[in-house]
Each structure stands twice: as structure tokens, then as C-alpha cells.
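Feature annotations, courtesy of TrEMBL:
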TRANSMEM  6-26  transmembrane segment
TRANSMEM  38-55  transmembrane segment
TRANSMEM  61-83  transmembrane segment
TRANSMEM  121-142  transmembrane segment
TRANSMEM  154-176  transmembrane segment
TRANSMEM  182-203  transmembrane segment
């Protein structure tokens, strides 16, 4: 495939990924009852790190989507802190203060002052890969509850669907751009998204059988 065609294809997947990415950010339900804040707290720090990575790589697409993504995810976390129960609010606040603030600060200052050039981008890329995987793993925290209750009532299936579609688009974007820090975690994202949707189909059918 010619270089121009590769660049065009990468841009197309990037644009599709951007659209799905924003839908993913906007997909959580309005009520916090029964839902956990972990996916949104993890998504926030992942977006923060990818914003930093995009700035280092000078990738306008990564900068724009993760900049807006940070704002939207922060808004969700704030809304959760306002409307969730007291215990859930305290858990969310502890999670945010123990993970997002110190870890992002540590990553930023360590990589900014101790690494330069290509090594700088590679170190941040490895860290982003870890947290990107965390974004896909975080929704799995609800699977234990699904198995225990045999109900998908509190499973954010919309989030799972769009995370899976998002993973597919960004895999191809990273693959075509030869940025494997973007491509690799999205392979796992696609697989884990499939697992979540499989659980939803299985336990939804069980619930329908019980109702009948």
C-alpha cells in the first residue's frame, strides 16, 4: 500500500475512532445507582496520559480527543461525587486521590526531567499502554456482580459496545501509523469487550427465561 494511501486510511480510522471515542465518553447512564466509578476514574487518568503522549508525539488527533476526553471524564467523576451514595463518594474520592493525582504527577515529572527525545516518547508510550489496558479491564469489575445476581441490570452494556468499537478503530489507526503503543492495548480491548458482551447476552437470556 502506497504511503499516501496508508496515511489516508490511518486518518479515516482516526476520524472514526474519534467519533466513537466521544460517543464512548458520553455513553454512561444518568443514574449512579448500582454502578461503580472505577471505569471512569481509570478512563480519566488514561486520557490524561494519552494527552501527554500525544503532545510529546505532536499527534494533533490524540491531543484533541484526549483533551476533550479529560474534560468529559472529569465531569462524570464530579457528577458521581455529587449524586452517588456517601460510601460510593468516599471510595471514588480515595481512588482519585490515590491514583490520578500522585501517579500522573509522578509520571509527568519523572519522564519530563529524566528522559529526552525518542526515549521520552517510548517511556510514556509504555505507561499509556498499561493504563489503556486498565480502561478495558475496569468495566470487568461488574462481572462478579452479574454472575452473583444473575442480572445484567447494572452492567453498562452501552459503554462495553462503544469501547469495543473504539478499540477496533484505534487498533487500525495505531497499526497503520506504526504506533504499537496505540495498537497493542486495543487488541486486548477488543477481546475484553467481546467477553463483556458475551456475558450480557448469556445472563440476559437467563433472566428472560426466569421471567417467562
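Backbone N, Cα and C define each Cβ position, glycine as well.
On a predicted model such as this, the values are computed, not experimentally measured, just so you know.
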At a C-beta cut-off of under 8 Å, are there same-chain residues at least 6 beyond the transmembrane segment (182-203) that contact it? List them, or none.
62, 128-129, 132-133, 135-137, 139-140, 143, 146-147, 150-152, 155, 157, 160-161, 163-164, 166-168, 170-175
For the transmembrane segment (61-83), I need the partner stretch with the highest count of C-beta pairs below 8 angstroms, choosing only from 38-55, 121-142, 154-176.
38-55
